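Asker: According to TrEMBL, the domain 'NADH:ubiquinone oxidoreductase chain 4 N-terminal' annotation covers 1-103. TrEMBL lists 106-385 with the feature domain 'NADH:quinone oxidoreductase/Mrp antiporter transmembrane'. For 21-44, 84-104, 110-132, 139-160, 180-202, 209-230, 236-259, 271-290, 296-320, 341-359, 371-395, 407-428 (among others), the entry in TrEMBL reads transmembrane segment.
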Amino acid sequence: MMEMFMGMVFMIFMMFYSRNFWIYQVASFILVFKFIIKMSFTFLFSHMSYCFSVDLLSYFMMLLSLWICSLMILASEKIYSKDYFSQLFILMVMSLMLSLSFTFSSLNMFIFYVFFEVSLIPTMFLIIGWGFQPERILAGVYLLFYTLLVSLPMMLVMFYLYKIFNSLEFYFLGSVNSVVLYLCMNFIFFVKIPMFFLHLWLPKAHVEAPISGSMILAGVMLKLGGYGLIRVAKVYMYVGMKINVVFITISLVGSLIVAFMCIRQSDMKMLIAYSSVSHMGLVLAGILTFNSWGLWGALVLMFAHGLCSSGLFCLANLSYERTSSRSLYMNKGMMNLMPNLALWWFLLCASNMGAPPSLNLLGEILLMNSLIGYSKVCMVVLFFVSLYSAVYSLFLFSYTQHGQLYAGLYSSSFIYIREFLLLFLHWLPLNFLFLKSEYLALWN
């Protein structure tokens, strides 16, 4: 583990000696493949040090973080070509990669909390520094306000747990039977995932963020909420069995309402952002059932959604760079202009709706088993959530690719090889990891 962290720190210091943008791209991919090779697939904690270790859950989340951060550099070629503070951008990406890796591999709740909050700072700088519209300042304030408002109660609960158990190591924490402590601890994760009613910061942050900001927000930052809920689940197991039904109901009904909202969006990024809220509502409900099907399904869908939504944001950005608009009405008929991109729109929209052989399908099947086992009433809501998930995914594909080309569009560039590679590196693990889904059963 320490080799990985030292490699990331070395890349941050290397920034002061080399101004070559693409050397960081190559170095980050080398880091990813080194991480894959060194990992032992076991449900036990491995590569242990005093404060850090990885099990299968940590491993998949760290792998997703490293992969998405590497693709962020590949997607942000414009920052390099226009020399728009490219070195500072690399510093933000590498800081984010390091803080997320520390968060996902920490064994101590206090260290987890510190890096959980630290990861917010580079994300906010990405939105405010490289966003497009003046409203990005307000989006950054939303992101900061929502997260910091609910993080203070978590810190107080953490000190209270230390007073009771004399330790903040996850393994030494016992159970606490208090609804107030449950709410104070878990609300930060409900905001981060985000749960319906607490999700208003997410569409605003996505719309104002640059492509790199959208990729890391959708790909990894939302998963911090699910990861945190799984890690602290045993502390609130008993109280959760009593009141989780409230949050499961809010999550499922919220997923359905947000799916309806997706169908009436005219902004591509807003549609994809709301689809993230809908999918993560299922993940939240699956985690709160506290059974193995739900936890497996949550892990798979978090990993799949990270790749799929990040890829969709890349596609939306490709259209935005050529038409200077995110509107579905001004991006109609793109199949006439860029027919080679239509295949990637179809593949990623199909994955988003849970078509085989994507990991989304496996995750949704596992979560449906979990939720129907929890309550038969969930079956009705899940039917409509799945139906409207397919509806808004097909709506996004058909509206952007078919129809008459917008008359005001008078020039456009073709798709570059770099952009095809970017989309391919999103789609390949999303579909081919389905073949290695037996690793999932190792985690319990």
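Cβ from N, Cα, C; glycine included.
For the listed features, I'd like the structural context: burial, neighbours, distances.
Answerer: Shown for the domain 'NADH:ubiquinone oxidoreductase chain 4 N-terminal' (1-103): DSSP residue counts in helix, strand and coil, namely 74 helix, 3 strand, 26 coil.
Below 8 angstroms of C-beta separation, residues 4-5, 8-9, 11-12, 15, 19, 21, 24, 28, 52, 54, 58, 61-62, 65-66, 69, 72-73, 76, 78, 111-112, 115-116, 118-119, 121-123, 125-126, 129-130, 212, 216, 220, 224, 227 of the same chain, each at least six residues beyond the ends of the transmembrane segment (84-104), sit close to that stretch.
Remote same-chain residues near the transmembrane segment (110-132) are listed as 51, 76, 79, 84-85, 88-89, 92-93, 95-96, 99-100, 102-103, 139-140, 143-144, 147-148, 151, 154-155, 158, 162, 168, 205, 208-210, 212-213, 216-217, 221, 224, 228, 231 (criterion: CB distance under 8 Å, separation of at least six residues from the stretch ends).
Same-chain neighbours of the transmembrane segment (209-230): 57, 61, 64-65, 68-69, 71-73, 75-76, 89, 93, 96, 100, 103-104, 112, 116, 119, 123, 126-127, 130-132, 136, 139, 186, 188-194, 202, 269, 272-273, 276, 280, 283-284, 287-288, 295, 298, 302, 305-307, 309-310, 313-314, 317, counting only residues six or more beyond its ends whose CB sits under 8 Å from a CB of the stretch.
Here the transmembrane segment (271-290) has Cβ contacts under 8 Å with residues 190, 193-196, 199, 202-203, 206-207, 218, 222, 225-226, 229-230, 233, 237, 240-241, 244, 247-248, 251-252, 254-256, 258-259, 261-262, 265, 297-298, 301-302, 305, 309, 312-313, 316, 328, 352, 360, 364, 366-367, 370-371, 373-374, 378, 385, 389, 392-393, 396 of the same chain, all six or more residues outside its ends.
Non-local neighbours of the transmembrane segment (296-320) in the same chain are 56-57, 60-61, 64, 67-68, 71, 75, 206, 211, 214-215, 218-220, 222-223, 226-227, 230, 268-269, 272, 275-276, 279-280, 282-283, 286-287, 326, 331, 334, 341, 344-345, 348-349, 351-352, 358-360, 362-370, 396, 400, 415, 419, 422-423, 426-427, 429-430, 433, 437, 440-441, 443; each lies 6+ residues outside the stretch with a CB under 8 Å from one of its CB atoms.
Through the fold, the transmembrane segment (341-359) approaches residues 275, 300-301, 303-304, 307-309, 311-312, 315, 318, 334-335, 386, 389-390, 393-394, 396-397, 400-401, 415, 420, 423, 426-427, 430-431, 433-435, 437 of its own chain, all at least 6 residues removed from its boundaries and within a Cβ separation under 8 Å.
Below 8 angstroms of C-beta separation, residues 67, 71, 74-75, 77, 307-308, 310-311, 314-315, 318, 322-323, 330, 337-338, 340-341, 344, 347-348, 351 of the same chain, each at least six residues beyond the ends of the transmembrane segment (407-428), sit close to that stretch.
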Asker: May I ask for the residues of the chain that lie six or more residues beyond the transmembrane segment (371-395) and have a Cβ under 8 Å from a Cβ within it?
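Answerer: Distant contacts of the transmembrane segment (371-395): 245, 248, 252-253, 255-256, 259-260, 262-263, 271, 275, 278-279, 282, 285-286, 289, 291, 293-294, 349-350, 352-354, 364.
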Asker: Can you work out the mean pLDDT of the predicted model over the domain 'NADH:ubiquinone oxidoreductase chain 4 N-terminal' (1-103)?
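Answerer: In the predicted model, the domain 'NADH:ubiquinone oxidoreductase chain 4 N-terminal' (1-103) has a mean pLDDT of 87.
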Asker: Can you work out which residues elsewhere in the same chain, 6+ from the ends of the transmembrane segment (180-202), have a Cβ less than 8 Å from its Cβ atoms?
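Answerer: For the transmembrane segment (180-202), the far contacts come to 139, 142-143, 145-147, 150-151, 153-154, 156-158, 160, 217, 221-222, 224-226, 228-229, 232, 235-236, 239-240, 243, 247, 250-251, 253-255, 257-258, 273, 276-277, 280-281, 283-284.
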